[in-house]
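Structure first, then comments.
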Amino acid sequence: MHKPTPRTESPNALAFITRFFAAESAGGLVLMAAALAALIVANSPLGDSYFAALHAVFAGLSVSHWINDGLMAIFFMLVGLEIKREVLAGQLASWSQRALPGFAALGGMLVPALIYVAFNWGRPDTIGGWAIPAATDIAFALGVLSLLGKRVPLSLKIFLSALAILDDLGAVLIIALFYTSDLSIPMLLAALGSIAMLVALNRLGVKKLLPYLIVGALLWFFMLQSGIHATLAGVALALCIPLGKPDEEARSPLLHLEEKLHPWVAFAVVPIFGFANAGVSLSGITADTLVDPVPLGVALGLLVGKQVGIFAMAALAIRAGLARLPDGSNWGQLYGVAALCGIGFTMSLFIGALAFPGAPELVDEVKVGVLIGSVLSAVLGVVVLRRFAQRG
C-alpha cells in the first residue's frame, strides 16, 4: 500500500518519494516470498497441516475467515486513508491529475471483466467471478518495477501509484455493490448508526484517533453480522478520519494513522493474506484444468485485458488532449506499465474468495488463473520496459 506523500513541494520531496517507493517495493518482494512459500508448503508433506490450520475454528470463525474478514479490514482501512488523502491533497487532487490514471483505471477494469465474461457466458455457477481480473496488486507491481531500478522514470511510478488508488476504489465499490450476501436489517441499522457516530466525531472536530478506532471496531462487528463484507468497515472508518488543513499537516490524524499502519500492512497483513490464500495443491492440475473457463478467463483477463484496457484508454485520453504522457516517459514504457498492471494478486484472490463461497474447487481454479496471469504479466512488463528504456 501507499505511504503518505507530501502535500506541498519541498526540497526533500524527491527524496521522500524515493524512500516511499523503496518501502513499497520491499513490501511487494515480501509478498512474493509469502506467495511462493504458500505454494511450496501446500505441495509438500506439510500440505495437509497447512490446509487444516486455515480451517481451524477460533472464536466462531475459521483462521482463514479471521484473515480475510479481520486482518484485511486493516488493509482496506489503509486503502480508504490513501483514497481520501490523494483525492483531497495528493496525486488525484485536481481533474487534470486524475485524467490519465482515471481513464487508464476504467479501461483496466472493464476489458478484463469483459474477457472473463466472454469465457464464462452461460455458466451461472462461474459468471459471478467477472470482477476477479479487474484489480491490480500495487505492492507486487512496484516490487517488480523496482527490479528495473533507474531505467523507469519516477513519473511512471507515480502514474502507477495513482492508477492503483483508483483501481482500489473501483474494487471497493464492486465488493460493496455485487458481493454482499443476505442482509440482516437490525445489524445493518446498527452499522449505519456507527457510521453516523464516526461522521459526528469528524464534524465535531475530534482529532484523537482512539474514539474513531473504538467506533470502527463496533462498525466492523455490525458489518460482519449484517451481510455486508466486514472489510468495508475499514474503508468507512478511514473516510471519516480527519485529514486536517495543510498548515496542520504535522498534527493530521489521517497522515499519522496512515504512517503507522503502512509497515504493518506491507510487511504483515498482506504477506499473511498471501500465504493463507496463494496455497493451492497442484496435484490435481492438468492441461484440461488450465483451459477451463474460470482459470482461462482470469489469466487472459489479467494478461491481455489489463494491458489492452489500460493502454488503449490512456492513449485515447492523450490523443484527445485530455491528458499527457508522464514526464520523461515514452509510449513503450507506458505500455510496459500497463502490462505490469496485470499482476492482480491480492485483490484478485480476495474477490475470488467472495465470488465462490462454498466452492473450494472454483477458488483453486481462480488461484491458478491469478498466478499464471500475474507471472506472465510481470515477465511481459519487465521485457517491454527493459526494451524501451534503452531507447527512452
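Keep in mind that glycine also has a Cβ here, set from the backbone N, Cα and C atoms.
If you check Swiss-Prot, you get these features:
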TRANSMEM  20-40  transmembrane segment
TRANSMEM  61-81  transmembrane segment
TRANSMEM  99-119  transmembrane segment
TRANSMEM  127-147  transmembrane segment
TRANSMEM  158-178  transmembrane segment
TRANSMEM  181-201  transmembrane segment
TRANSMEM  209-229  transmembrane segment
TRANSMEM  265-285  transmembrane segment
TRANSMEM  298-318  transmembrane segment
TRANSMEM  336-356  transmembrane segment
TRANSMEM  365-385  transmembrane segment
Intrachain neighbours beyond the transmembrane segment (181-201), with Cβ under 8 angstroms and 6 or more residues off its ends:
211-212, 215-216, 218-219, 222-223, 225-228, 233, 236-237, 240, 357
Leading stretch by Cβ pairs under 8 Å, where the reference is the transmembrane segment (336-356) and the options are 99-119, 127-147, 158-178, 209-229, 298-318:
127-147
Under 8 Å, at least three CB pairs between the transmembrane segment (209-229) and the transmembrane segment (61-81) (pairs 6 or more apart)?
yes
Below 8 Å between Cβ atoms, which of the listed ranges 61-81, 158-178, 365-385 makes the most pairs with the transmembrane segment (298-318)?
365-385
Touch test for the transmembrane segment (365-385) and the transmembrane segment (61-81), at least 3 Cβ pairs under 8 Å:
no
In the same chain, who gets a Cβ under 8 Å from the transmembrane segment (61-81) while lying at least 6 residues past its ends?
1, 53-55, 168, 172, 216, 220, 224, 229-239, 241, 254, 257-258, 261-262, 264-265, 269-270, 272-273, 276-277, 346, 350, 353
